[in-house]
Amino acid sequence: MQRFYDFIRRHPTGVDTFWAVVLLGLSGMSVVGGSGDGPERVAAVPVALGLCAVVALRRRAPEKMLLLAIGTGLAQLVLGVRPDVADFALLVITYTVAAVGERWASRLALGCSLAAAGVSQLRWPPETQTGSWAQSVFVVVVMTVPFVLAWVLGDSARTRRAYFSQLEERAARLEREREAQSKVAVAAERARIARELHDVVAHNVSVMVVQADGAAYVMEASPEQAKQALETISGTGRQALAEMRRLLGVLRTGDSPEGGEYVPQPDVEQIEELIGKVREAGLAVDFKIEGTPRPLPSGVELTAYRIVQEALTNTRKHGGPDAGASVRLVYFDDGLGLLVEDDGRGASHELYEDGGADGAGHGMIGMRERVGMVGGTLDAGPRPGGGFRISALLPLKPASQ
């Protein structure tokens, strides 16, 4: 049965043609069995054919079929062919044009429907004169009601279809917006993970490279220092692996880890530990905290840690062997201030702005993105007399925000 319904929906013109043939057969029976004279029966044939053609092609060309129906109706009046079963096509085309035709055609169909009954009564007045006016009015009303109902049903179908079309369009637009938002969210998440990977790899690998070079240099002259350097490399490697596991955990589907807990993300309290490792790697760093330390939003704490980490990594890369650095954390009433300076020879400001030594679009760009995400400001540039300076102000918004 479903296949039958699908066939009907796929072949609307074929279905209409079938009903047109049925209507033509009924009309032929009416003409043959009617009481009209010979000329009227002959004239009824083209009228019936025209009206049946209207039914067959109503959905393929509704406006043209409306004009054909009007022309056939006028010919019926002129030739004196009395209404019969074929005139049912006028109801069908009225509904069709109101449902799927152009607006002008729908209005024309309504006007003709309102006039058809009255014109028919004038062309074929009742044979009896008893109560002629009352009878005529009654007949006109009775004949007009089906046409008006057909037009109302068709116009309602048009309105309902337009409403559903608007709903579908709105749903499609919302789907496109959701897809766009998903793409933006994915891009933002990728950028965040890229920043995290850059910070973890750049810092820890830089420490490992420096320590490995130092160990190779003092291996024979000072085995104890070489041993300490290798221990630092081992510890730094383990920390890098732990942070990499944390980042990989972000990429999972949200299932709880089976082999232990994820490593928590760095915060302000770990900056001192970070500086200690940097000092062990051979970079002299002066660290001071001003103001009263207090709990900060997690985003601000991670941003502060990563800025210090990136700044000290760049100092090791570009500052030279005798460079030193200073780190200041200042707790204001409404913000956290960061100041990282070094006295090395440094790299050009353009190199930092282009994304650091790797030129891959991270480095200073990543710092600015991090600071921008928490609503802060960042200023970076060469110091007078040599070295580099990075300052940032991070607003202390409530953690719930």
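If you go along the chain as it appears here, the first residue is 1 and each next one adds 1.
Here the Cβ of each residue, glycine as well, is placed from N, Cα and C on the backbone.
Features as listed in TrEMBL:
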type	residues	note
COILED	164-191	coiled coil
DOMAIN	4-161	domain 'DUF7134'
DOMAIN	300-397	domain 'Histidine kinase/HSP90-like ATPase'
TRANSMEM	65-81	transmembrane segment
TRANSMEM	133-153	transmembrane segment
Long-range environment of the transmembrane segment (65-81) - Cβ separation under 8 angstroms, sequence gap at least 6: 36, 40, 43-44, 46-47, 50-51, 53-54, 57-58, 87, 89-90, 93, 96-97, 101, 105, 108-109, 112, 116, 119, 123
Intrachain residues whose Cβ lies under 8 Å of the coiled coil (164-191), provided they are six or more past its termini: 369
Number of helical, extended and coil residues in the domain 'Histidine kinase/HSP90-like ATPase' (300-397), per DSSP: 34 helix, 30 strand, 34 coil
For the domain 'DUF7134' (4-161), mean pLDDT (0 to 100): 86
